[in-house]
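Asks: Mind looking over this structure? Questions follow.
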Amino acid sequence: MEGDWKTISGKPPLSSHDRDSNLDLPVLSSLAQHETSELTKYATEAVDLAAYTQGTIVGWPSPVLPSLQSENSPIGGEPMTDEEASWMGSVLCLGALLLTPIYGYLSNNHSRKLTGYLVGIPPIICWLMIIFARSKMTLFIARFLIGAVGAGNTVLCPLYVTEIVEDDVRGSLGTYVMLFFSIGVLQSYIVGSYASYQVLGFACISLPILFVFLFYWMPESPVYLMSRNRHMESRKALSWLRGNDKQTVDREMEKLTEVLNISKEDSSSGFPILELFSKRGSRRAMLICMGFTINMGLSGSFALMTFTVRIFQESGSELSPDLSAICVAILQCASVFLTSVIIDRAGRKIIMIVSNMALVLCLLVMGAYYYLKDAGFEVSHFGWLPVVCLCSYVVAVNMGVMTVPWIVINEVFEPRVKSMAVTLCCSFVWAINFLTSKFFLPVASHVGLAGCYWFFGVVCLLGAVFCHLVMPETKNRSLADILKELAGEKRFTKP
């Protein structure tokens, strides 16, 4: 297929010197004359289609649940109960939780590329199961298995993007994971609001097919290749990503060598899991990332997003629940896009602190509204308040708490232990998401929405304090420099 380059670009082939590696980059090797930023962005967007796919999966229950709980349910012939509805979101998290270690192992031992294929193929099968399901059990099994996308996406996308982009755009391009995820949620909300159950399924199944096709042409991660002592292939991958700019490739190869040399120091144990907790830098990085995962999981985002339509119905707002949910998803996309613009200018730390404090305000006000409503006060004239607060919440949470941690988690670990650390963090996130999505409605029915919102608000307040005291600033810094500081070789300084 490599010989097909000319029919696509019309440009002369690469020299034999540039093609002597075993790394197969068919067809798209002809694009290597383009601008570096364009090629890197193209690879980023290709892999982030997995996040797009996950977004459609997470957003799917919100417009579909009202239909499934109606008398004319398209599945099973009878309305779905609240208990069954709670499993619709949580069983996805359970599947992702159990499958995350598998994807972590594959990405570390059998390449990022193989992991990508195994992220894209399962949802194709599962969407077919969902489209043609005739029983609730089939639906639940498909939702469980489609958790593979969530497991693989949280491991693969941030890891791959961090390893292929340059230091000065690592933050902005790293936010594309959440941007594509948010667009996927928006697609499910829009299509699900105006199309049938089956049409929504067919609209969603096209995305994993497109992802598998495009990801096939992407190079392997240069960091992974270097960690396997495949230096020529790593250089070839970097050459493609950087548009054959030899000076840039040489400079980045030196950086990769420095990072790997740091990783090899004190690695006599031979077991990444032991090194993760035995080395000072890795322990500190693990503390930071565990704090992030608690902040993300207990900010309430997954529960609120999964049951967006239900929350608007409970609010008594005069706006259509489906229309309100679509507006929320648009704000989600806009806020993540804004973060991509400012993250490499303002920095990760200040964005996280501001995001958490804004969430505290939104959650306190929402909690107060539902407390007064449950207490019997007349709040019908303020039906717009939960809508405004939830919209503000979506903007705040996606500007920082749900976006920045995925970038930082992939910036603070050595290559030797990164996959193991990311796997542990992702598993922890999915465990929290499972608990919050499964028990959000049952707990809310006992303590009220006010209690749930206030609990999430307290967690966000603690998250702001944690970020101020513990989180390092990593913007525009090389991975080697970050690793040295975490290991205590020099004091943290503002970049």
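Backbone N, Cα and C atoms are what each Cβ position is placed from, and that goes for glycine too.
Sharing the record's features from TrEMBL:
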- 39-475: domain 'Major facilitator superfamily (MFS) profile' (DOMAIN)
- 1-21: region 'Disordered' (REGION)
- 87-107: transmembrane segment (TRANSMEM)
- 114-133: transmembrane segment (TRANSMEM)
- 139-161: transmembrane segment (TRANSMEM)
- 173-191: transmembrane segment (TRANSMEM)
- 197-218: transmembrane segment (TRANSMEM)
- 285-311: transmembrane segment (TRANSMEM)
- 323-343: transmembrane segment (TRANSMEM)
- 350-372: transmembrane segment (TRANSMEM)
- 384-409: transmembrane segment (TRANSMEM)
- 421-441: transmembrane segment (TRANSMEM)
- 453-471: transmembrane segment (TRANSMEM)
Asks: Are the transmembrane segment (87-107) and the transmembrane segment (421-441) close, by which I mean at least 3 Cβ pairs under 8 Å that are 6+ residues apart in sequence?
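Replies: Taking Cβ pairs at least 6 residues apart, the transmembrane segment (421-441) and the transmembrane segment (87-107) are in contact, with 3 or more under 8 Å.
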Asks: Counting a contact as 3 or more Cβ pairs under 8 Å, with residues at least 6 apart in sequence, do the transmembrane segment (173-191) and the transmembrane segment (323-343) touch?
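Replies: Per Cβ check, the transmembrane segment (173-191) touches the transmembrane segment (323-343).
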Asks: Who are the long-range neighbours of the transmembrane segment (197-218) in its own chain, taking Cβ under 8 Å and residues 6 or more past its ends?
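Replies: Contacts of the transmembrane segment (197-218) (Cβ under 8 Å, skipping residues fewer than 6 from its ends): 25-28, 43, 46-47, 49-50, 52-53, 56-57, 60, 63-64, 67, 74-75, 113, 116-117, 119-121, 123-124, 127-128, 130-131, 149, 184, 187-188, 191.
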